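Taken from TrEMBL, the feature transmembrane segment covers 30-54, 61-81, 101-123, 144-165, 197-229, 241-264, 276-295. Residues or ranges marked as domain 'G-protein coupled receptors family 1 profile' by TrEMBL: 44-293.
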Amino acid sequence: MENAVMWNHSSTTEVTLLGFSHHPGLQVPLFLLFLMIYIMTMAANISIVVLVVADWHFHTPMYFFLGNLSCLEVCYSSTILPRLLASFLAGNRAISIHCCILQFYCFGSLTAAECCLLAVMSLDRYVAICRPLRYAALMTVRSCLHLAAGSWISGFLSTIANTYWMSGMALCGPTDLDHFFCDFTPLLKLFCSDTSLMALVTLLLSALFTLPPFLLTVTSYMCIITAILRIPSSTGRHKAFSTCSSHLIVVTLYYGTIIFVYVLPDTDTLRPLNKLFSLFYTVITPFANPLIYSLRNREVRETLRRAF
C-alpha cells in the first residue's frame, strides 16, 4: 500500500524520458558519440566567441552576429545534451516536471531566438552584397546591437505564456515521455487538463516568431542569388556562391527538420522519425554551424592557428 502511494505521488511530480534505446549494449557507444559531439560543439563555438571578442579584426557586423550565433549554440547544446549524456551514463531517465518545463522553456526560447538571428544574418549579407555602398551607414554598431538584442529578447518572450500555463497543470500517470528531451508535443500529452487551447495558442505564437524570420531569410537569399548572377567576374561569383551556399545549407537543414517535426501529424509511424529529425536541429546544427559559417573562412582559420 505504501509503495502504491509513493508511486502515485512520484508519477505526478516526475517524467521519464524514454530516449533512444533501452538496450544495455548501446548505452556506452551512444554516450561516447554524443559526448564527442558535445565537446566539439562547445570547443568550436566558444573559440569563435572568444575570437570575435578578443581580435579587433573581427569587430564587424558579420562576425558580431556569428559570435551571437555561437553563444546561442553553446546555450542550446547545454540545454539538452548534458541531461541526455547523464541518462546514457547513469541510466536514470527520470526528470522532475519543473525541470522538464524549464528545459522546454529554454529550448523553445533558444529555437525562436535562432530563427530571428538567422534572419538577421541573412539581412546583413543582403545589405553587404546587394547594397554595398549603404552597408556602413545601415549596419552601424547601434543597429547591430538592436538587431541582436531583439533576436534574443523575442526568443525568450515567445514561450513565456505556454510555460506559465504548463506550470499550473497536473500530470496524469503513466508519465513516460517518448522523446530524448522535453519537447512540447509529447509533453502536452502528459497533462490531465484539456490542452487544445494551449496547443492552438502555441501554434499561433510559433507561427508569429518563426514564419516571418523564415520568409525574410528566404527573400534575402533570393535577392542575394539574383545579385550574384549579375557579377561579371567568375571568381567573384564563385566566392559569393560559396559563402551563400554554406548559409543556405544551415537554413535548409534547420528549417527543414523543424517543419518535418512540427508540421507533419504525430502518428505512430512518424514518431521514431520525429526523434531522429529532432537530432538535426538540436544536436547536428549547433555542431555544424561553426564549421559552415566560420571555420571554412581562411581568415578565421589562420587567426585560430596563430592563437593556438
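Positions of Cβ are set from backbone N, Cα and C atoms, glycine also.
Same-chain neighbours of the transmembrane segment (241-264): 111, 114-115, 118, 121-122, 125, 185, 206, 210, 214, 217-218, 221, 224-225, 228, 270, 273-274, 277-278, 280-281, 284-285, 288-289, 292-293, 296, counting only residues six or more beyond its ends whose CB sits under 8 Å from a CB of the stretch. Within the chain carrying the transmembrane segment (197-229), a Cβ under 8 angstroms from the stretch's Cβ atoms is held by residues 112, 115-116, 118-119, 122-123, 125-126, 129-130, 154-155, 158-159, 161-162, 165-166, 184, 188, 237, 240-241, 244, 247-248, 251, 255, 258, 262, all 6 or more beyond its ends. For the transmembrane segment (101-123), the residues of the chain that approach it from at least six positions outside its boundaries are 62, 65-66, 68-69, 72, 75-76, 79-80, 83, 95, 147-148, 150-152, 154-156, 158-160, 163, 166-167, 181-184, 187, 206, 209-210, 212-214, 216-217, 220-221, 224, 247, 250-251, 254-255, 258, 281-282, judged by C-beta separation under 8 angstroms.
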